[in-house]
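Below is one structure; the comments refer to it alone.
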Ligand SMILES: NC(=O)c1ccc[n+]([C@@H]2O[C@H](COP(=O)([O-])OP(=O)(O)OC[C@H]3O[C@@H](n4cnc5c(N)ncnc54)[C@H](O)[C@@H]3O)[C@@H](O)[C@H]2O)c1
């Protein structure tokens with residue numbers, strides 16, 4: 001039954017794929033055939049922290065907790081954090097791996113060049129949400145499947161965003177710094193610390209994370225706005241108490257706080273450039289846990305320097321890990337962290353389980369949950385098109 005499904009899906013894919021130029025495409029669409037698969041996982045290394053929590057599965061050492069299971073099925077499982085350049089551990093395995101698992105927290109950048117080299121590659125799995133580290137068009141043209149664990153860490157990110165909003169609104173970081181440095185200067189913090197109540201907060205993107213954030217903001221009695229490709233169902237919209245803004249540029253100048261909650265796509269790359277930032281309220285606070293490249297890096301630096309952006313916080317950078325000289329490390333009024341919001345222990349357990357479930361389905365020739373597909377049968381998920 002599973003085999004029949006796999007074959008018919010391969011034939012469908014062959015017929016519909018824009019890249020259906022021959023047997024490579026057909027072969028890449030086939031679900032796992034019998035025999036051992038080479039699976040490579042790219043995660044961040046935990047070193048001395050690895051043994052501190054048995055549920056710390058999102059790191060190299062924890063390897064998503066699926067090593068024993070994969071090896072008991074006869075598959076080869078290689079895990080590394082060494083992902084950049086032609087001498088990296090990842091590069092060595094590109095020519096013969098079948099599955100690549102990676103995470104947005106320590107992304108393996110899957111370029112067109114790597115895809116061309118990866119002759120056996122069939123499946124790219126993201127342990128988390130956001131697969132922009134993959135050249136999705138090249139993956140589609142090569143007949144690869146790209147899937148992520150949709151929903152796995154949305155609560156983790158929404159909670160983190162709420163924290164970052166409060167950190168910025170209350171001007172928390174300079175106060176913390178004073179304490180660490182042995183200082184005491186209330187005025188140096190209080191002159192620009194506010195209540196969140198009564199402020200206008202707009203989310204750019206109101207999908208899974210955006211909606212959870214709006215839900216969490218409701219008790220703070222803010223004025224809530226959202227912009228998205230899709231208007232929220234009226235009943236839920238009324239429950240959230242958020243107003244739809246069809247036009248992004250009409251919404252943005254109204255906001256005291258802007259939160260970015262959309263994927264990085266061709267349409268959203270560099271969306272916040274110099275001109276758009278210039279139209280924001282002076283002193284606006286921005287929280288971005290979505291993707292670093294949605295912002296023009298230097299435009300953010302300049303606006304933080306001039307005070308046009310009053311505070312910028314987030315955990316996503318371009319590229320990752322952020323180099324030591326990344327300008328966001330040194331700009332004023334930032335409350336940045338490494339990419340951490342979606343990799344709480346709770347989130348790790350959820351995305352590890354989601355990856356295991358998809359691998360199991362891949363081995364059996366079964367479909368994944370529909371919402372997990374980012375590239376399937378030569379087509380990108382709608383928001384990436
Ligand atoms: N920092 C982290 O740890 C972390 C974790 C999870 C997700 N993320 C990021 O957050 C993003 C959102 O996650 P989600 O689970 O809410 O995704 P989602 O797919 O549920 O929601 C995304 C929303 O953005 C909207 N959208 C997409 N393109 C748009 C455009 N051009 N204009 C207007 N709206 C647009 C969609 O319609 C959708 O409602 C992810 O794609 C990922 O990049 C970050």
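Each residue, glycine too, has its Cβ placed from N, Cα and C.
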Given that TrEMBL annotates 208, 209, 228, 263, 264, 265, 266, 267, 315, 339, 340, 341, 342 as binding NAD(+), state which candidate in 288, 289, 302 belongs to that site as well. 289
Might you list, by sequence position, any residue in that chain lying six or more from residue 129 (substrate binding site) with a Cβ less than 8 Å away from its Cβ? 104, 148, 149, 150, 151, 152, 153, 154, 342
What is the one among the binding-site residues 228, 266 whose Cβ has the most other Cβ atoms less than or equal to 10 Å away? 228
Taking only the CA atoms, the spacing between residue 264 (NAD(+) binding site) and residue 291 (site 'Important for catalytic activity'), expressed in whole angstrom, is 6
Please identify, among the binding-site residues 266, 339, 341, the one with the smallest Cα-Cα distance to residue 291 (site 'Important for catalytic activity'). 339
